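Annotated topological domain 'Cytoplasmic' per Swiss-Prot: 1-112, 163-202, 261-271, in sequence order, evidence recorded as sequence analysis. Residues annotated as region 'Disordered' in Swiss-Prot: 1-68. Per Swiss-Prot, the feature compositional bias 'Polar residues' maps to 24-36. Annotation comment: Swiss-Prot describes S43, S62 as phosphoserine. Annotation comment: Swiss-Prot describes 70-91 as region 'Interaction with MTOR'. According to Swiss-Prot, the transmembrane segment annotation covers 113-133, 142-162, 203-223, 240-260. Swiss-Prot lists 134-141, 224-239 with the feature topological domain 'Extracellular'.
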Amino acid sequence: MPASQSRARARDRNNVLNRAEFLSLNQPPKGTQEPRSSGRKASGPSTQPPPSSDGARERRQSQQLPEEDCMQLNPSFKGIAFNSLLAIDICMSKRLGVCAGRAASWASARSMVKLIGITGHGIPWIGGTILCLVRSSTLAGQEVLMNLLLALLLDIMTVAGVQKLIKRRGPYETSPGLLDYLTMDIYAFPAGHASRAAMVSKFFLSHLVLAVPLRVLLVLWAFCVGLSRVMIGRHHITDVISGFIIGYFQFRLVELVWMSSNTCQMLISAW
């Protein structure tokens, strides 16, 4: 045993790896696994920085864009119906504008059609009402004429306000006349001549005793005034229909605020 131990010591002494400068090679590498694992652990949570609020907002907007595009490509039923009715209105109004220009099919009748439209203008009606009011000598006549004057002024202000708000152009590029500028009847919606004709005809039918033929002629006159505005290209069909409706409601409003004979006499005396 002592001989074998001395032999082993001599073998270890003669081994090159037992020298001091080579001792590190005999030991297993320490910390080699830890840096790798620590590197993995460190690289795990720091793969990507947390998204900022701006990036999240942009991502959210990019997700919403296809939905908005789908909404535009697939409009609602109301939008389709409205656009269809608008297209029909424009098409039919252009077809009925047979006196819209010098090259139109009924260009020779343009002067006569414009004359029919002038009968529904506000300036002649206001001037005629004031003239009749000055010449009237009865209290009943003055009461009717004062309320008619109130209705005409209400019509001009209502139509001018709605036209200024909507600013719809006519089917043809026709410039308004001097009388149109005086009554602020510049745009197409609603048709001021149509609203005035409807209001005046309803006013006369309610407060004047007229024979049946005159009543029929009064209604036909209001219809022809509205049609003439479409024929010369100043209004669409829906503009005229809206004018008729507004004229009727104006008449109902005047009936609600009807001025009595005493009030009319006070206004006349003050004037």
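One-based numbering along the chain as shown.
Cβ atoms are placed via backbone N, Cα and C, with glycine included.
The transmembrane segment (142-162) shares more Cβ pairs under 8 Å with 240-260 than with any other stretch in the list 113-133, 203-223, 240-260. Away from its own ends, the topological domain 'Extracellular' (134-141) comes close to residues 261, 264-265 of its chain (Cβ-Cβ under 8 Å, at least six residues beyond either end). Among residues of the same chain six or more beyond the topological domain 'Extracellular' (224-239), those with a C-beta under 8 A of the stretch's C-beta atoms are 89-90, 92-93, 96-101, 106, 110, 113-114, 116-117, 119-120, 168, 170-172, 174, 188-191, 193-194, 197-198. Residues of the same chain lying 6 or more positions beyond the ends of the topological domain 'Cytoplasmic' (261-271) and with a Cβ under 8 Å from any Cβ of it are 133, 139-140, 142-143, 146-147. Across the topological domain 'Extracellular' (134-141), the model assigns an average pLDDT of 89. With a threshold of 8 Å between CB atoms, the same-chain residues lying at least 6 positions outside the transmembrane segment (203-223) that come near it are 119-120, 144, 148, 151, 194, 197, 244, 251, 254-255. Residues 90, 93-94, 97, 100-101, 117-118, 120-123, 125, 148, 151-152, 155-156, 218-219, 221-222, 225-226, 228-229, 232-236, 238-248, 250-251, 254 of the same chain, all 6+ positions outside the topological domain 'Cytoplasmic' (163-202), place their C-beta atoms under 8 angstroms from a C-beta of that stretch. Across the topological domain 'Extracellular' (224-239), DSSP classifies residues as 11 helix, 0 strand, 5 coil.
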